[in-house]
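Pulled from TrEMBL, these are the features on record:
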type: REPEAT; residues: 137-170; note: repeat 'TPR'
type: REPEAT; residues: 171-204; note: repeat 'TPR'
type: REPEAT; residues: 239-272; note: repeat 'TPR'
type: REPEAT; residues: 278-311; note: repeat 'TPR'
type: REPEAT; residues: 312-345; note: repeat 'TPR'
Amino acid sequence: MLTCEEETSLLSSLQFGAEDGWLSSFYSCLIKKYDKENVVEAKFKELEKESSKSNPSSQSLMCTLKDNTDLLACKAEYYHQCGEYQKCFELTSTLLEKDPFHLKCTLVHLAAAMELGHSNELYLMACNLVKDYPQKALSWFAVGCYYYCIKKYDQSRRYFSKATSLDGTFPPAWIGFGNAYAVREEGDQAMSAYRTAARLFPGCHLPTLYIGMEYMRTHSFKLAEQFIMQAKAICPSDPLVYNELGVVAYHMKEYNKAVWWFEKTLALIPAPISEMWEPTVVNLAHAYRKLKMYHEAISFYEKALTLSTKSLSTYAGLAYTYHLQDNFTAAITYYHKALWLKPDDPFCTEMLNVALVDECRQGIDPKIDFC
């Protein structure tokens, strides 16, 4: 319900005694984790440092707190927000072995399993949750996640809907409900779910961001920009928001602005950059190519290839950039690599033929008439 600033303000208004420093640090770990990486990491480390300062009578408390499941669940949530899904999944798996009934950890575990495509884990979790907690929204949300993961979106929508009917104040279910419509390009129903979530949870920027993304899908770029800027006002440190602003600017042919947004995105991502952010690097390369800054574009296309070697867009963009520089040999090489990934791609097929013709003509004296 609260924005990041409101949560911070609430926490600062609480009166803690001298001996309650650990409690203040603990609460600071429970609130939203949209700060910069070093700030959030410092919050977690602060509790560990407290143990060395504390007197022997409270030593046992601090040691316990360092391994506290609530605190470790917060750390897992932070890993998920950073896009470090494997690290998040490993931590939540360990925690659930210790405490199988920790529902906050269960939610983060489901989200990480979804991102990693672990459908078997989702199936087992959903079965156990429905058996143990048939009246909880989380249980049916897990079933929805399983069906979403295996791309059975109609069934996933049904179970996300059931989760919202059991608990109308469960944000993940509303967002999952909207996403299940959006992935099938059923925009009106998706927008309805996102708007409900945005109204119920004003402190969460994701529903507003997804509304903007839906407007972008329908080419309503001005409306998309307005909603994504609203999401940015709620959460000014989520890299995904800046990436989407860059995409909007690119579609509106504002390439300088797009470059600025994409560079801002990469500046907010914790190092090293994971494969999840490869599309942002490619987007930045595309924007540089549009600005005819070909050396910068090639540099970022090559950086994208270090993150993922299975992107058609990267190979096609790199080939086209070399083609624009009249480096036909390199262009032909990368068109072939792109067509190896998708043999029937019309753009690469056509441009490969053009590049082959251009290379054949290169070096021929234009004064010679072959007719």
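Here the Cβ of each residue, glycine as well, is placed from N, Cα and C on the backbone.
Remark: secondary structure over the repeat 'TPR' (278-311) totals 27 helix, 0 strand, 7 coil, with classes taken from DSSP.
Sequence-distant contacts of the repeat 'TPR' (312-345) (same chain, at least 6 residues past either end, Cβ-Cβ under 8 Å): 278-279, 282, 285-286, 289, 292, 294, 297-298, 301-302, 304-305, 351-352, 354-356, 358-359, 362.
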